[in-house]
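**Student:** Relevant sequence annotations retrieved from TrEMBL are reproduced here:
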type	residues	note
DOMAIN	1-27	domain 'C2H2-type'
DOMAIN	28-55	domain 'C2H2-type'
DOMAIN	56-83	domain 'C2H2-type'
DOMAIN	84-111	domain 'C2H2-type'
DOMAIN	112-139	domain 'C2H2-type'
DOMAIN	140-167	domain 'C2H2-type'
DOMAIN	168-195	domain 'C2H2-type'
DOMAIN	196-223	domain 'C2H2-type'
DOMAIN	228-250	domain 'C2H2-type'
DOMAIN	251-275	domain 'C2H2-type'
Amino acid sequence: MCGECGYRTADRSHLSRHMRTHTGEKPYKCDRCDYSAAQKCDFVRHLTKHTGEKPFMCGECGFRTALKFTLLNHMRTHTGEKPYKCDQCDYSAASKSTLDDHITKHTGEKPYMCGECGYRTAKKSHLLKHMRTHTGEKPYKCDQCDYSAACKSNLDRHLAKHTGEKPYMCGECWYRTAHKPDLSMHMRTHTGEKPYKCHQCDYVAARKSHLDQHVLRHTREKPFKFKCDYSATRKSSLEDHLREHAQEKPYMCDKCGYRAATKDELSVHIKTHAT
């Protein structure tokens, strides 16, 4: 058990790795640059930036990776295999880390805590990303330009701009994407899964951004502000408002050429043709 936050595990090596989230220790040092890592898998992934080596290849789509377990997880996007089962419901997952994240929904446990501000989370990866908001660290570097990112998913998204590669494919339709999270969200259009639940009512959503938007209705918070007194709960509403300042009118009526600053304004106009 961790004496800092109460995290428990049956594996001593897991506890050792967890303790580094509190101590900041990064024992794995790169001998080619000043990069260091708390976990060996992150260190091995970093080394491939110097060597360019990606020995593990998917026979289905040509996806290549430096790490064997990354290839195994990738292969499940083709096979649909989900070997990790939840013992409290019928949920199953393609990777153990995804199952571990799911289990916290049953337990409510948030074992990972930031020593700087008290932020707590159920996911270790979320804590690591959060810590970079304090340190400003951006360890993920693009080898084709000077872009760097605080998290790997942002780097992967950026790299797709250079390569145009879209290795993640939906088995139900022809949808392809460069980003694994985008495929996960797309799959919910087929399954109808809505994993994000509101704690104040029975609203559920397929995307976290949709849940965040819904929660604002309960809190009455309006986080999107402009230099005038206008504020809004939705980013899209602020964008519409900004067009009024800029006198931009991107929405056009295809019957008469009338232009409007917002979709709602155009909808009102279109009704005048029906009367």
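Just so you know, glycine gets a Cβ as well, placed from its N, Cα and C.
Because TrEMBL annotations are produced automatically, they should be read as predictions rather than curated entries.
Quick one: how deep are these features, and who are their neighbours?
**Tutor:** Per DSSP, the secondary structure of the domain 'C2H2-type' (1-27) breaks down as 12 helix, 0 strand, 15 coil.
Listed as Cβ neighbours of the domain 'C2H2-type' (28-55) (distance under 8 Å, sequence separation of 6 or more from its ends, same chain) are residues 17, 20-21, 64-67, 69, 128, 139, 141, 143, 152.
Sorting each residue of the domain 'C2H2-type' (56-83) by its DSSP state yields 12 helix, 4 strand, 12 coil.
Packing against the domain 'C2H2-type' (84-111) from elsewhere in the chain are residues 2, 5-8, 18, 73, 76-77, 120-123, 125: each is 6 or more residues past its ends and has a CB under 8 Å from a CB in it.
Counting same-chain residues at least six beyond the ends of the domain 'C2H2-type' (112-139), those with a Cβ under 8 angstroms from any Cβ of the stretch are 4-5, 7, 18, 21-22, 35, 38, 46, 97, 101, 104, 148-151.
Look at the domain 'C2H2-type' (140-167): DSSP puts its residues at 12 helix, 4 strand, 12 coil.
Summed and averaged per residue, pLDDT over the domain 'C2H2-type' (168-195) gives 86.
Within the domain 'C2H2-type' (196-223), the DSSP-based counts of helix, strand and coil residues read 12 helix, 4 strand, 12 coil.
Secondary structure counts, DSSP: the domain 'C2H2-type' (251-275) has 12 helix, 4 strand, 9 coil.
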**Student:** Among 1-27, 56-83, 251-275, which stretch has the highest count of C-beta pairs below 8 Å with the domain 'C2H2-type' (168-195)?
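**Tutor:** The stretch with the most close Cβ contacts to the domain 'C2H2-type' (168-195) is 56-83.
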**Student:** Any residues 6+ beyond the ends of the domain 'C2H2-type' (140-167) with a Cβ under 8 Å from its own?
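**Tutor:** 45, 49, 52, 58, 61-63, 74, 129, 132-133, 176-181.
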**Student:** Please indicate, using numbers and ranges, the residues of the same chain that are 6 or more beyond the domain 'C2H2-type' (1-27) and have a C-beta under 8 Å from a C-beta there.
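**Tutor:** Those are 36-39, 111-113, 115, 120, 124, 127-128, 131, in sequence order.
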**Student:** Per DSSP, how many helix, strand and coil residues does the domain 'C2H2-type' (112-139) have?
**Tutor:** 12 helix, 4 strand, 12 coil
